[in-house]
């Protein structure tokens, strides 16, 4: 999270990974720490995330669940590695597509010191914690295919992430032949419409109509604005009378002098 925050801060609060190309040229240390943390999160062998994820998946594989449960947690593991590889590709190897006047450099030393200290826990924390919790290795007996399923799913997610990253959405590409399907998959399966847009839009639309009708409509002109105009006109009348009396008083004063 510190690495991602440093990247977003350097890119002027831009969170779109399509604009974050070739960051390894501008943020070498931050990019290195960021990729190590991502690989640990997706369960790369012998990093900190591997010891917990592999043990959890193998422990669940020993139980008697149905096919749906196995499909869900193995699919989630594969998708995690897939979007990790896509994030790695877009931020490190694609072209830099952001504005050219941004000063993207590793200049925050206190951030680099904090990330440098935490990266040691990312690399060695999982193995050290596993050795402390389990003095002897925790052996789980599974068939060969079930034992290798975690690594195979991670490898399949890596291949799928690279394939999606390398496929360009253009007129001459194969993606244009099934544009609706690719649009559906690229829009988070319409979750943005169902979760955020579909829930907030109608309330905001109704609130805008009420605001235009009441607050900025007849209630304003007949309420507060009407009172303001009445006070303004009455004060203008009194001001006019006072100014005329001042003119009469000054004229009489000069005549008396």
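Glycine is treated like the rest: Cβ placed from N, Cα and C.
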When you get a sec, could you say which of 67-89, 228-250 is annotated transmembrane segment by TrEMBL?
67-89
Taking the transmembrane segment (23-47) as reference, which of 67-89, 110-134, 146-170, 182-205 has the most Cβ pairs under 8 angstroms?
110-134
DSSP says what for the domain 'NADH:quinone oxidoreductase/Mrp antiporter transmembrane' (1-77): how many helix, strand, coil residues?
56 helix, 0 strand, 21 coil
Surrounding residues of the transmembrane segment (110-134) on its own chain - C-beta under 8 Å, 6+ positions past either end:
2-3, 6, 29-30, 33, 36-37, 40, 46-52, 55
Folded-back contacts onto the transmembrane segment (67-89), same chain, C-beta under 8 angstroms, at least six residues removed:
17, 35, 38-39, 41-43, 53, 57, 60-61, 149-150, 153-158, 160-162, 164-165
